[in-house]
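Participant: When I checked Swiss-Prot for this same protein, it listed these features:
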type	residues	note
BINDING	A61, G62, L63, D64, K65, T85, N138, N171, K216, T244, G267, G296, Y317, S318	FMN binding site
BINDING	K65, N110, R111, M112, G113, F114, N171, N176, N245, T246	substrate binding site
ACT_SITE	S174	active site, nucleophile
Amino acid sequence: MYAFARKLLFSLDPETAHELSLDCLGAAERLQLLKPFVATPVSDPVEVMGLRFPNAVGLAAGLDKNADYFNALGQLGFGSVEVGTVTPLPQPGNPQPRLFRLIEEEGIINRMGFNNKGVAHLVAAVARRRYRGVLGINIGKNKATPEEQALSDYEKCMDAVYESADYIAINISSPNTPGLRNLQFGENLSHLLQGIKRRQALLHEATGKRVPIAVKIAPDMTDDEIKGVADALVSNQYEAVIATNTTVSRDEVPHSPHKEEMGGLSGRPVAEKSTHVIRVLAEHMQGAMPIIGVGGIMTGADAEEKIRAGASLVQLYSGFIYRGPALVSEAASAVAALS
(Lines of atoms letter the chains of each structure in order from A and count residues from 1; the text may use other names and numbers.)
(Lines give C-alpha, C1' and ligand atoms only; values in the text may rest on other atoms or scores of the structure.)
Protein backbone atom coordinates (compact mmCIF):
# COMPACT_ATOMS: atom_id res chain seq x y z
CA MET A 1 0.00 0.00 0.00
CA TYR A 2 2.80 2.44 0.85
CA ALA A 3 4.42 1.75 -2.54
CA PHE A 4 1.33 3.24 -4.21
CA ALA A 5 1.23 6.19 -1.80
CA ARG A 6 4.94 6.83 -2.29
CA LYS A 7 4.54 6.91 -6.07
CA LEU A 8 1.86 9.58 -5.69
CA LEU A 9 3.78 11.57 -3.07
CA PHE A 10 7.06 11.45 -5.00
CA SER A 11 5.28 12.95 -8.01
CA LEU A 12 4.72 16.09 -5.93
CA ASP A 13 7.07 18.79 -4.71
CA PRO A 14 8.80 17.35 -1.59
CA GLU A 15 7.46 19.94 0.84
CA THR A 16 3.92 19.68 -0.56
CA ALA A 17 4.14 15.89 -0.28
CA HIS A 18 5.36 16.20 3.30
CA GLU A 19 2.44 18.39 4.32
CA LEU A 20 -0.15 16.33 2.41
CA SER A 21 0.99 13.02 3.88
CA LEU A 22 0.91 14.39 7.43
CA ASP A 23 -2.51 15.95 6.91
CA CYS A 24 -3.89 12.64 5.61
CA LEU A 25 -2.27 10.70 8.45
CA GLY A 26 -3.67 13.10 11.04
CA ALA A 27 -7.17 12.90 9.56
CA ALA A 28 -7.03 9.10 9.49
CA GLU A 29 -6.03 9.01 13.16
CA ARG A 30 -8.79 11.39 14.21
CA LEU A 31 -11.34 9.28 12.32
CA GLN A 32 -9.89 6.10 13.88
CA LEU A 33 -9.03 4.67 10.48
CA LEU A 34 -5.35 3.89 11.08
CA LYS A 35 -5.44 0.72 13.18
CA PRO A 36 -6.62 -1.70 10.44
CA PHE A 37 -3.64 -0.69 8.28
CA VAL A 38 -0.90 -0.75 10.92
CA ALA A 39 0.97 -3.79 12.19
CA THR A 40 0.97 -4.55 15.91
CA PRO A 41 3.87 -2.58 17.44
CA VAL A 42 6.94 -4.62 18.31
CA SER A 43 7.21 -5.03 22.08
CA ASP A 44 10.85 -4.89 23.12
CA PRO A 45 11.01 -2.68 26.22
CA VAL A 46 14.29 -0.94 26.93
CA GLU A 47 15.19 1.51 29.68
CA VAL A 48 17.29 4.51 28.67
CA MET A 49 17.68 7.87 30.47
CA GLY A 50 15.49 6.46 33.24
CA LEU A 51 12.59 6.13 30.78
CA ARG A 52 10.92 2.93 29.63
CA PHE A 53 10.74 2.81 25.83
CA PRO A 54 8.22 0.27 24.40
CA ASN A 55 10.82 -0.57 21.75
CA ALA A 56 14.14 0.86 20.62
CA VAL A 57 12.98 2.53 17.39
CA GLY A 58 11.95 6.19 17.49
CA LEU A 59 10.98 8.88 15.04
CA ALA A 60 13.65 11.55 14.71
CA ALA A 61 12.94 15.26 15.05
CA GLY A 62 12.11 17.24 11.93
CA LEU A 63 9.11 15.37 10.58
CA ASP A 64 6.59 16.81 13.04
CA LYS A 65 8.07 20.18 13.90
CA ASN A 66 5.00 21.59 15.67
CA ALA A 67 3.63 18.45 17.37
CA ASP A 68 0.53 18.63 15.18
CA TYR A 69 0.71 14.96 14.13
CA PHE A 70 2.54 13.04 16.85
CA ASN A 71 -0.58 11.20 18.03
CA ALA A 72 -1.02 9.76 14.54
CA LEU A 73 2.69 9.06 14.00
CA GLY A 74 2.77 7.31 17.36
CA GLN A 75 0.30 4.72 16.07
CA LEU A 76 2.79 3.49 13.47
CA GLY A 77 4.77 1.39 15.93
CA PHE A 78 7.42 3.81 17.16
CA GLY A 79 8.70 3.37 20.69
CA SER A 80 9.30 7.10 20.85
CA VAL A 81 8.45 10.20 18.85
CA GLU A 82 10.63 13.31 18.92
CA VAL A 83 8.86 16.51 17.86
CA GLY A 84 10.46 19.82 16.87
CA THR A 85 12.87 21.42 16.37
CA VAL A 86 10.94 24.25 18.02
CA THR A 87 12.19 27.76 18.81
CA PRO A 88 10.93 30.35 21.31
CA LEU A 89 9.28 32.46 18.61
CA PRO A 90 7.61 31.37 15.37
CA GLN A 91 9.81 31.71 12.29
CA PRO A 92 9.26 30.93 8.59
CA GLY A 93 12.57 29.23 7.94
CA ASN A 94 14.52 29.61 4.72
CA PRO A 95 13.00 30.48 1.32
CA GLN A 96 11.59 27.67 -0.82
CA PRO A 97 12.60 25.43 -2.48
CA ARG A 98 14.40 24.05 0.56
CA LEU A 99 13.79 20.28 0.41
CA PHE A 100 15.22 17.95 -2.24
CA ARG A 101 14.97 14.20 -2.85
CA LEU A 102 18.03 12.28 -4.03
CA ILE A 103 16.05 9.24 -5.10
CA GLU A 104 18.86 7.14 -6.59
CA GLU A 105 20.97 7.64 -3.46
CA GLU A 106 17.97 7.34 -1.08
CA GLY A 107 18.86 10.68 0.43
CA ILE A 108 17.25 14.00 1.27
CA ILE A 109 18.81 17.47 1.36
CA ASN A 110 17.02 20.02 3.49
CA ARG A 111 17.71 23.62 4.35
CA MET A 112 14.43 24.21 6.16
CA GLY A 113 15.96 26.53 8.76
CA PHE A 114 13.91 25.62 11.85
CA ASN A 115 10.59 26.68 10.30
CA ASN A 116 8.05 26.28 13.11
CA LYS A 117 5.04 27.89 14.78
CA GLY A 118 6.86 28.64 18.03
CA VAL A 119 7.02 26.91 21.37
CA ALA A 120 3.64 28.16 22.63
CA HIS A 121 1.89 26.42 19.74
CA LEU A 122 3.81 23.20 20.33
CA VAL A 123 2.97 23.11 24.05
CA ALA A 124 -0.72 23.61 23.26
CA ALA A 125 -0.56 20.77 20.72
CA VAL A 126 1.19 18.42 23.17
CA ALA A 127 -1.57 19.10 25.71
CA ARG A 128 -3.82 17.04 23.41
CA ARG A 129 -1.58 14.01 23.83
CA ARG A 130 -3.05 10.55 23.29
CA TYR A 131 0.23 8.88 22.34
CA ARG A 132 1.43 6.51 25.08
CA GLY A 133 5.03 6.05 24.01
CA VAL A 134 7.97 8.25 24.96
CA LEU A 135 7.69 11.85 23.74
CA GLY A 136 10.84 13.89 23.15
CA ILE A 137 10.81 17.61 22.40
CA ASN A 138 13.71 18.97 20.35
CA ILE A 139 14.55 22.63 20.96
CA GLY A 140 16.71 25.20 19.19
CA LYS A 141 17.44 28.90 18.92
CA ASN A 142 15.78 31.46 16.69
CA LYS A 143 17.76 32.53 13.64
CA ALA A 144 17.75 36.17 14.80
CA THR A 145 19.25 35.30 18.20
CA PRO A 146 23.02 35.96 18.32
CA GLU A 147 25.27 33.02 19.22
CA GLU A 148 26.28 34.67 22.49
CA GLN A 149 22.60 34.79 23.54
CA ALA A 150 21.75 31.25 22.44
CA LEU A 151 21.47 29.96 26.01
CA SER A 152 18.56 32.32 26.63
CA ASP A 153 16.58 30.75 23.76
CA TYR A 154 17.20 27.22 25.04
CA GLU A 155 16.15 28.30 28.54
CA LYS A 156 12.92 29.83 27.23
CA CYS A 157 12.08 26.62 25.39
CA MET A 158 12.96 24.48 28.40
CA ASP A 159 10.72 26.56 30.65
CA ALA A 160 7.84 26.12 28.21
CA VAL A 161 8.15 22.39 27.40
CA TYR A 162 9.58 20.94 30.61
CA GLU A 163 6.38 19.59 32.11
CA SER A 164 5.13 18.29 28.74
CA ALA A 165 8.24 16.37 27.68
CA ASP A 166 9.44 12.91 28.61
CA TYR A 167 12.88 14.05 27.48
CA ILE A 168 14.29 17.21 25.90
CA ALA A 169 16.73 17.18 22.98
CA ILE A 170 19.10 20.10 22.49
CA ASN A 171 19.77 20.80 18.81
CA ILE A 172 23.17 22.44 18.37
CA SER A 173 23.99 20.67 15.12
CA SER A 174 21.63 21.74 12.34
CA PRO A 175 23.64 23.20 9.46
CA ASN A 176 20.73 25.43 8.42
CA THR A 177 20.85 28.04 11.20
CA PRO A 178 23.92 30.28 10.80
CA GLY A 179 26.46 29.77 13.57
CA LEU A 180 24.52 27.02 15.34
CA ARG A 181 27.21 24.37 14.92
CA ASN A 182 29.74 26.71 16.57
CA LEU A 183 27.94 25.90 19.83
CA GLN A 184 29.50 22.41 19.71
CA PHE A 185 33.00 23.60 20.48
CA GLY A 186 35.16 25.19 23.19
CA GLU A 187 33.83 27.88 25.49
CA ASN A 188 30.59 28.13 23.52
CA LEU A 189 29.84 24.50 24.32
CA SER A 190 30.88 24.71 27.98
CA HIS A 191 28.80 27.84 28.59
CA LEU A 192 25.73 26.33 26.93
CA LEU A 193 25.95 22.91 28.59
CA GLN A 194 26.47 24.36 32.05
CA GLY A 195 23.63 26.84 31.64
CA ILE A 196 21.18 24.21 30.41
CA LYS A 197 22.06 21.92 33.31
CA ARG A 198 21.51 24.75 35.79
CA ARG A 199 18.10 25.37 34.25
CA GLN A 200 17.25 21.67 34.41
CA ALA A 201 18.06 21.64 38.14
CA LEU A 202 15.87 24.69 38.78
CA LEU A 203 12.97 23.21 36.82
CA HIS A 204 13.37 19.87 38.58
CA GLU A 205 13.16 21.62 41.93
CA ALA A 206 10.17 23.74 40.88
CA THR A 207 8.12 20.92 39.33
CA GLY A 208 9.27 17.82 41.18
CA LYS A 209 9.74 16.19 37.77
CA ARG A 210 13.09 15.06 36.41
CA VAL A 211 13.23 15.43 32.63
CA PRO A 212 16.38 13.96 31.05
CA ILE A 213 18.25 15.94 28.42
CA ALA A 214 19.96 14.63 25.29
CA VAL A 215 22.21 16.65 22.99
CA LYS A 216 22.13 16.14 19.22
CA ILE A 217 25.50 16.43 17.49
CA ALA A 218 26.76 16.69 13.91
CA PRO A 219 28.54 13.99 11.91
CA ASP A 220 31.06 16.44 10.43
CA MET A 221 33.66 16.34 13.19
CA THR A 222 37.09 14.79 13.58
CA ASP A 223 37.48 11.94 16.04
CA ASP A 224 39.20 14.29 18.49
CA GLU A 225 36.33 16.76 18.22
CA ILE A 226 33.81 13.98 18.82
CA LYS A 227 35.72 12.92 21.93
CA GLY A 228 35.87 16.52 23.13
CA VAL A 229 32.09 16.87 22.87
CA ALA A 230 31.67 13.52 24.62
CA ASP A 231 33.91 14.61 27.50
CA ALA A 232 31.94 17.84 27.91
CA LEU A 233 28.61 15.98 27.96
CA VAL A 234 29.82 13.39 30.46
CA SER A 235 31.44 15.96 32.77
CA ASN A 236 28.21 17.97 32.80
CA GLN A 237 26.19 14.81 33.48
CA TYR A 238 23.96 14.85 30.43
CA GLU A 239 21.61 11.93 30.09
CA ALA A 240 22.22 11.00 26.43
CA VAL A 241 23.78 12.02 23.12
CA ILE A 242 21.98 11.79 19.78
CA ALA A 243 24.32 10.88 16.92
CA THR A 244 23.88 12.31 14.40
CA ASN A 245 22.25 15.19 12.61
CA THR A 246 22.59 15.72 8.84
CA THR A 247 25.90 16.15 7.02
CA VAL A 248 27.13 19.06 4.91
CA SER A 249 29.45 16.71 3.01
CA ARG A 250 28.56 15.62 -0.52
CA ASP A 251 31.29 12.98 -0.83
CA GLU A 252 28.71 10.18 -0.95
CA VAL A 253 26.56 11.79 -3.67
CA PRO A 254 29.10 12.94 -6.29
CA HIS A 255 26.76 12.37 -9.25
CA SER A 256 23.51 13.72 -7.85
CA PRO A 257 21.98 16.66 -9.74
CA HIS A 258 21.24 18.17 -6.32
CA LYS A 259 24.76 17.86 -4.90
CA GLU A 260 25.35 21.63 -5.09
CA GLU A 261 22.24 22.45 -3.05
CA MET A 262 23.02 23.97 0.33
CA GLY A 263 21.69 22.19 3.39
CA GLY A 264 21.97 19.02 5.42
CA LEU A 265 22.08 15.64 3.71
CA SER A 266 20.29 12.72 5.36
CA GLY A 267 19.37 9.16 4.42
CA ARG A 268 21.61 6.38 3.15
CA PRO A 269 24.52 8.73 2.25
CA VAL A 270 25.01 9.70 5.91
CA ALA A 271 24.79 6.15 7.30
CA GLU A 272 28.51 5.41 7.41
CA LYS A 273 29.41 8.79 8.93
CA SER A 274 26.75 8.44 11.60
CA THR A 275 27.79 4.92 12.53
CA HIS A 276 31.42 6.02 12.76
CA VAL A 277 30.49 8.78 15.21
CA ILE A 278 28.51 6.28 17.30
CA ARG A 279 31.46 3.91 17.36
CA VAL A 280 33.91 6.66 18.41
CA LEU A 281 31.52 7.83 21.15
CA ALA A 282 30.94 4.30 22.45
CA GLU A 283 34.62 3.40 22.55
CA HIS A 284 35.54 6.70 24.21
CA MET A 285 32.73 6.91 26.78
CA GLN A 286 32.74 3.22 27.76
CA GLY A 287 29.09 3.21 28.84
CA ALA A 288 29.18 6.56 30.67
CA MET A 289 26.22 7.83 28.64
CA PRO A 290 23.67 6.20 26.32
CA ILE A 291 23.79 6.94 22.60
CA ILE A 292 20.74 7.39 20.38
CA GLY A 293 21.76 6.43 16.84
CA VAL A 294 20.24 8.16 13.84
CA GLY A 295 21.34 8.59 10.25
CA GLY A 296 20.74 6.44 7.19
CA ILE A 297 18.69 3.62 8.69
CA MET A 298 16.93 2.24 5.61
CA THR A 299 16.60 -1.43 6.66
CA GLY A 300 16.42 -3.58 9.76
CA ALA A 301 20.06 -4.49 9.21
CA ASP A 302 20.99 -0.80 9.33
CA ALA A 303 19.27 -0.44 12.71
CA GLU A 304 21.10 -3.52 13.95
CA GLU A 305 24.41 -2.02 12.80
CA LYS A 306 23.80 1.13 14.85
CA ILE A 307 23.07 -0.94 17.96
CA ARG A 308 26.16 -3.08 17.43
CA ALA A 309 28.23 0.11 17.06
CA GLY A 310 27.13 1.19 20.53
CA ALA A 311 23.69 2.83 20.33
CA SER A 312 21.02 1.99 22.90
CA LEU A 313 18.18 3.40 20.78
CA VAL A 314 17.79 4.33 17.11
CA GLN A 315 15.69 6.89 15.25
CA LEU A 316 14.30 7.01 11.71
CA TYR A 317 13.58 9.90 9.37
CA SER A 318 14.63 9.57 5.71
CA GLY A 319 14.21 5.81 5.79
CA PHE A 320 10.65 6.34 6.96
CA ILE A 321 10.05 8.65 3.97
CA TYR A 322 11.46 6.11 1.51
CA ARG A 323 10.17 2.88 3.08
CA GLY A 324 7.07 3.92 5.01
CA PRO A 325 5.68 2.39 8.22
CA ALA A 326 6.95 -1.10 7.35
CA LEU A 327 10.46 0.04 8.24
CA VAL A 328 9.40 0.76 11.83
CA SER A 329 8.46 -2.84 12.61
CA GLU A 330 11.33 -4.19 10.50
CA ALA A 331 13.87 -2.14 12.43
CA ALA A 332 12.28 -2.84 15.82
CA SER A 333 12.19 -6.58 15.09
CA ALA A 334 15.84 -6.57 14.01
CA VAL A 335 16.90 -4.81 17.21
CA ALA A 336 14.72 -7.09 19.36
CA ALA A 337 16.39 -10.13 17.79
CA LEU A 338 19.72 -8.95 19.22
CA SER A 339 18.47 -9.34 22.80
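Every residue gets a Cβ built from N, Cα and C, even glycine.
Map the listed features onto the structure and describe their local environment.
Facilitator: Within its own chain, K65 (FMN binding site) has V83, G84, T85, V86, N115, N116, K117 as residues 6 or more apart in sequence whose C-beta sits under 8 angstroms from its own.
A coil conformation is recorded for S174 (active site, nucleophile) in the three-state DSSP classification, outside any helix or strand.
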Participant: Taking Cα-Cα distance, which of the recorded positions R111, G113, N171, S174, N245 are within 10 Å of K216 (FMN binding site)?
Facilitator: N171, S174, N245
Participant: Long-range neighbours only, meaning 6 or more apart in sequence with Cβ under 8 Å: which ones does R111 (substrate binding site) have?
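Facilitator: Those within reach of R111 (substrate binding site), by Cβ under 8 Å and sequence separation of 6 or more, are N94, R98, L99, P175, N176, E261, M262, G263, G264.
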Participant: Is any of the recorded positions G113, N171, S174, N245 within 10 Å of N138 (FMN binding site) (Cα-Cα), and if so, which, in sequence order?
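Facilitator: So the list is N171.
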